[in-house]
Amino acid sequence: MRSSAPEERPIRFAILLFSLLVLGASSGFATTGIGEILGNIAASAVLLAGLASMYHNRILLVVGCVLLVPALAARWTFFWLQASALAPVSILFSLLFTGFNAGALFLYIQRRGSPTNDTVYGGICVYILLGYCFALVFMLLEMLVPGSFYFAHEAPVGIPQIESQLIYFSFSTLTTVGFGDITPLTPPAKSFVMIEAVVGPMFVAVFLARLVGIRTSSR
């Protein structure tokens, strides 16, 4: 009974989903001072909510804690010191935790039986986490190899602006909207953009097919 109790609390996935949506909304205001602070708070809330979403498994929780601490420490250290050398470190730790979080959630919803609010919220969270994972990859590429992306209108001049632009670009790619105002230039950037453009629709198709299949077979 104790091991199944956390699985009956879909609110932890709802909180993660809400945090992800708030982070997406706050990323558009990163060009302002208060917007940068709110963005860091929202990103920290996503990391903490992500850890809470792994409460159903003690091993995942321990590994998540190990990844969470340096991710939070690096993000806020960079925010206060504004040292450009810390930016790739902060992005890398955030990527490691976010990728681990998405993988843990994906395995969790795959092991569930009949579709519930738990699996629906969890599936949506995985989809959005995928978008943030690719955004972090794009940011890391732009940090390590400046000019990996071409910005048609106005090139971002700081880390928060780059983060805002590439989060927008990542979700445009994930949803196959593709406005064309940001273009990958280097081979690694093109490769990751291509992978995201394939993974996004594929995840939606497979996730919906699984939910429908389980629903049909249970009748």
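Backbone N, Cα and C atoms are what each Cβ position is placed from, and that goes for glycine too.
According to TrEMBL, the features are:
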{"type": "DOMAIN", "residues": "139-212", "note": "domain 'Potassium channel'"}
{"type": "TRANSMEM", "residues": "37-55", "note": "transmembrane segment"}
{"type": "TRANSMEM", "residues": "60-79", "note": "transmembrane segment"}
{"type": "TRANSMEM", "residues": "85-108", "note": "transmembrane segment"}
{"type": "TRANSMEM", "residues": "120-141", "note": "transmembrane segment"}
{"type": "TRANSMEM", "residues": "192-213", "note": "transmembrane segment"}
Surrounding residues of the transmembrane segment (85-108) on its own chain - C-beta under 8 Å, 6+ positions past either end:
13, 43, 47, 50-51, 53-54, 56-57, 60, 63-64, 67-68, 70-71, 74-75, 77-78, 122, 125-126, 129-130, 132-133, 136-137, 139-140, 143-144, 159
Structural state census, the domain 'Potassium channel' (139-212) (DSSP three-state)
48 helix, 6 strand, 20 coil
